[in-house]
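What Swiss-Prot records for D485, D491 is Mg(2+) binding site. Look at Swiss-Prot and you will find 552-611 tagged as domain 'KH'. The domain 'S1 motif' annotation in Swiss-Prot covers 621-689 and is backed by sequence analysis.
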Amino acid sequence: MNPIVKSFEYGQHTVTLETGVIARQADAAVLASMGDTTVLVTVVGKKEAEAGRDFFPLTVNYQEKTYAAGKIPGGFFKREGRPSEDETLIARLIDRPIRPLFPNGFTNEVQVIITVVSVDPQIEPDIISMIGTSAALAISGIPFSGPLGAARVGYINGEYVLNPTVTQLANSQLNLVVAGTEGAVLMVESEAQALPEEVMLGSVVYGHDQQQVVIKAIAEFKAEAGKPAWNWTAPVANEALVAQVKELAEVGLAQAYQIQVKQERYAQVAVVKAAAKEALLAANPEVDLREVDGLLGSLEKKVVRGRIIRGEPRIDGREPDMVRALSVLAGVLPRTHGSALFTRGETQALVTCTLGTERDAQKIDSIMGERTNRFMLHYNFPPYSVGETGMVGSPKRREIGHGKLAWRGINAVMPSAEEFPYSVRVVSEITESNGSSSMASVCGTSLALMDAGVPIKTSVAGIAMGLVKEGDNFVVLSDILGDEDHLGDMDFKVAGTRDGVTALQMDIKIEGITKEIMEIALQQAYGARVHILNVMDQAIGSHRDDISDHAPRITTIKINPEKIRDVIGKGGAVIRALTEETGTTIELEDDGTVKIASSNGEATKEAIRRIEEITSEVEVGRIYNGKVIRIVDFGAFVNILPGKDGLVHISQISDERVANVSDHLELNQEVTVKVMEVDRQGRVRLSIKEAQTKEAAAE
């Protein structure tokens with residue numbers, strides 16, 4: 001075994017790429033390290049494509065092994081299970097920039113598996129996973145237009161920081177990941193603290209400039225370790241068939257794409273395609289209908305793109321910078337804590353907000369350590385939203401990714417735990433979809449949070465931008481339709497406030513996207529965002545003054561930290577009885593903070609009263625109402641506070657001489673007592689007759 005190793009400095013860290021020792025039966029295997037964070041990336045591709053396949057079956061699997069962090073998995077089976085949300089998101093992060101680098105017409109199955117085998121808690125594994133994937137594909141021999149570079153960019157004290165550590169990220173106003181080739185940015189994923197557009201654009205350019213060292217190093221690594229390139233050639237176009245398809249369908253498709261209603265347009269497109277295929281079959285029964293479908297799709301794309309480049313109206317009749325008609329409603333559901341219905345053209349999101357206690361927060365145990373997430377946002381995309389049937393169940397990768405994007409857009413304006421001590425779960429149900437449903441979720445979430453009384457800093461809106469570029473001519477599109485997303489060259493999603501950007505996601509399918517184009521897209525997105533915010537603010541301009549009557553109200557009190565054990569009780573008996581008998585949820589913190597949650601105000605008051613009783617100190621000279629709990633020859637023990645008993649000596653029961661305690665007192669009898677003394681050992685001496693004397697004097 002002769003390892004081939006390439007090391008280079010990248011920001012604050014040393015990156016090492018190694019091949020030739022591990023997983024030698026894969027087409028390529030690279031052990032990639034950044035500091036002590038190490039991933040094994042393997043690539044396997046099938047040499048032959050399945051006959052008739054018209055898509056590229058690329059699979060990216062990213063898996064974090066708990067042994068990488070020196071942990072044993074939880075659960076009964078004590079082994080890793082289905083991918084976590086973090087693993088799914090990183091798999092998508094890797095997939096998105098590499099997919100457009102495979103050549104058109106390449107339909108061989110390719111699988112990339114990234115396994116995290118060692119992790120430094122200060123160095124997240126996503127960037128080195130992207131670098132390792134790029135290196136493995138580069139040396140595999142599989143057709144791939146790499147190398148690809150990747151960088152994380154932070155923004156701390158007005159300065160960009162390359163690949164910040166986890167500690168540095170906690171103080172950063174920006175967390176941006178950018179990936180690209182030597183000459184082009186292909187993918188951006190970020191969240192930010194409402195930063196100006198120029199800062200966001202600068203971070204993309206900075207990250208792309210800095211990652212050139214990665215691209216150069218992988219090229220050198222490939223020169224030394226690369227396998228022979230596959231003998232693959234792109235399929236040759238059947239020019240005669242292309243001409244026939246164009247003649248039969250071009251005019252019909254152009255007319256169909258003047259229909260503005262999505263379902264009607266799709267129906268007419270299907271009619272045109274069916275007629276073309278029928279005519280081709282009549283002329284040649286041996287014609288390959290799969291090839292015809294591919295050519296019809298290409299023609300469809302050409303027709304739509306040509307109209308846009310020529311300056312003609314878009315599919316639904318809009319100008320490039322126009323936003324579709326908006327409908328904004330808040331408080332649409334009676335029993336939810338907050339709700340909104342946001343409609344933009346043929347895209348609609350029904351968004352709900354639910355408030356819970358700290359106990360309802362999401363607890364995440366990953367290889368990077370444990371963390372608690374008080375704000376959750378879940379995105380659902382049922383098949384009926386696009387007029388289809390399909391499976392309903394666990395969220396798919398796309399749903400997880402869109403939910404996280406919307407979460408990033410909103411997180412910057414969420415209140416702190418001190419400002420709003422609730423856990424918050426938002427669910428966005430996409431009830432109609434024709435493009436930009438994740439950005440509709442951002443808008444709907446902002447509205448639902450305000451309706452629920454969550455004191456977010458300001459409204460947030462999102463917009464999806466697109467691009468059509470032919471040579472030096474290009475058109476930037478605002479609020480793209482699903483078809484424009486599919487047929488265009490860029491999907492550029494921007495969420496933010498009036499003051500700046502909170503989330504940015506960009507996927508570019510072509511090279512040649514310049515800084516100028518990105519700048520135009522950001523400025524056009526700003527105008528669209530402000531327009532949407534103006535409409536949203538007409539529906540609900542600020543958060544409600546109070547939370548819903550159906551939401552739990554959290555009341556916070558402070559107790560002596562030394563009294564926490566008294567509130568909990570032996571084996572949790574006291575706090576369990578408190579919650580069951582009052583119907584409240586009670587949470588205790590080590591500093592003595594007690595949070596009582598209930599939608600019933602009287603129940604909260606009762607819980608507070610009982611906690612104050614439990615934690616209060618016995619005061620000498622004070623009168624208490626107590627209950628006799630034990631009778632002895634020399635007196636009776638009386639409970640005056642939860643967990644606090646005192647002795648009424650036989651001489652303190654009455655002014656008269658008492659021969660037998662049982663003649664005057666019985667078990668569970670309620671009596672009024674005065675505290676006479678608390679000795680150094682905490683023993684309490686009580687008197688019934690002194691209490692009676694004091695009461696008589698008061699009368």
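Any Cβ shown, glycine's included, is placed from N, Cα and C.
Note that this is a predicted model, so its numbers are computed, not measured.
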Counts by DSSP class (helix H/G/I, strand E/B, coil) across the domain 'KH' (552-611): 32 helix, 16 strand, 12 coil
Reduced DSSP assignment, D485 (Mg(2+) binding site): helix
Per-region confidence, the domain 'KH' (552-611) (mean pLDDT, whole number): 90
Cβ neighbour count within 10 Å of D491 (Mg(2+) binding site): 21
